[in-house]
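**Q** Okay, here's the structure, questions in a sec.
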Amino acid sequence: RAASLYALWLGSHYVVVVNSYRHAREVLLKKGKAFAGRPRTVTTDLLSRGGKDIAFASYGPLWKFQRKLVHAALSMFGEGSLALERIICQEAASLCETLSAAQDTALDVAPELTRAVTNVVCSLCFNSSYRRGDPEFEAMLEYSQGIVDTVAKESLVDIFPWLQIFPNKDLALLKRCLKVRDQLLQQKFTEHKEAFCGDTVRDLMDALLQVRLRAKNSSPPAPGLELTDDHLLMTVGDIFGAGVETTTTVLKWAVLYLLHYPEVQRKVQEEMDQKIGLARHPHLSDRPLLPYLEATISEVLRIRPVSPLLIPHVSLADTSIGEYSIPKGARVVINLWSVHHDEKEWDKPEEFNPGRFLDERGQHIHSPSPSYLPFGAGIRVC
């Protein structure tokens, strides 16, 4: 046992907790394939229909093939695309109008941020946008929150699977939320399959259908490498679930820190006024012009990581971390909170300081320390 690494038994599961960036990088990068597995749990099996998504699926040829096709789809309709930027700008403008209209009254910004982000992800995935109060939209918000509240709990049923034979409020809530999710996803998927035209890509679901069709046409799938409708549905569910929760969490923390550090808020505003001006909205292409804003976002991701504990990995063979032997089948948890608050790597880690992500010329440093891993790293990087 060492301060940077320790092990414990959770029921019959041997769990190794990694607290240092050196060991974390060894697990994620140096020995990424050896630790590329995912644990099978009751809740994640329900969530992913037995591991048919990307996040919780077992590592192997099918997972690699699926990930390759998803990357191809995202490159068609993902980060950096004009379509995505248009969607984000529309929702950002709508959010600003809501905030402006409430200047003289108290407003809980959390649900407004959640609505805005959910609408962006809905537009990205389904080419759908919703007004406040829309029943389908409210159902999405409700089931998303219900899934987060149950899966993120690390329920005892995941440690002792036999407990699922007894009444379980969390498991019952998860099943109800998944029933609503599956009905909505199936409806959207059926509509997209019926309207699908190979030459027109309206959204991410169309893009996934197109790359699957191209893969089939280019060469017959090898045995065990065919992506079913379930795989596509769970992939969209992954993107929807992870995209909404993570982005909303980052925005909530960003708002909170800007409120508590008005001098940082003022510098961000001054930079945007000087570099962008008041005549237009900022664009993704403006990011190089806004190093202090970029540094502020990076610092939010450091001081309050989206996932303080990364999704557990599983060792696929007998291996080691540092000088310690790790048996096959061990669950390995990266304690990202500890990594991002290591006093040996970060000066006053509990202090919110965007300046740590700026060089002497005031330019943004993407990773001032090897212990900065906001999205994980390696084969299973977010």
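Count begins at 1; order follows the chain as displayed.
Cβ atoms here come from the backbone N, Cα and C positions, even for glycine.
It should be emphasised that the depicted structure is a prediction, and the values quoted were computed from it without experimental measurement.
In case it helps, TrEMBL gives these features for our protein:
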- C382: heme binding site (BINDING)
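So where do these features actually land, and what's packed around them?
**A** Around the Cβ of C382 (heme binding site), the same chain contributes A242, T246, F375, G376, each under 8 angstroms and 6 or more positions distant in sequence.
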**Q** On the three-state reduction of DSSP, what should I expect for C382 (heme binding site)?
**A** coil
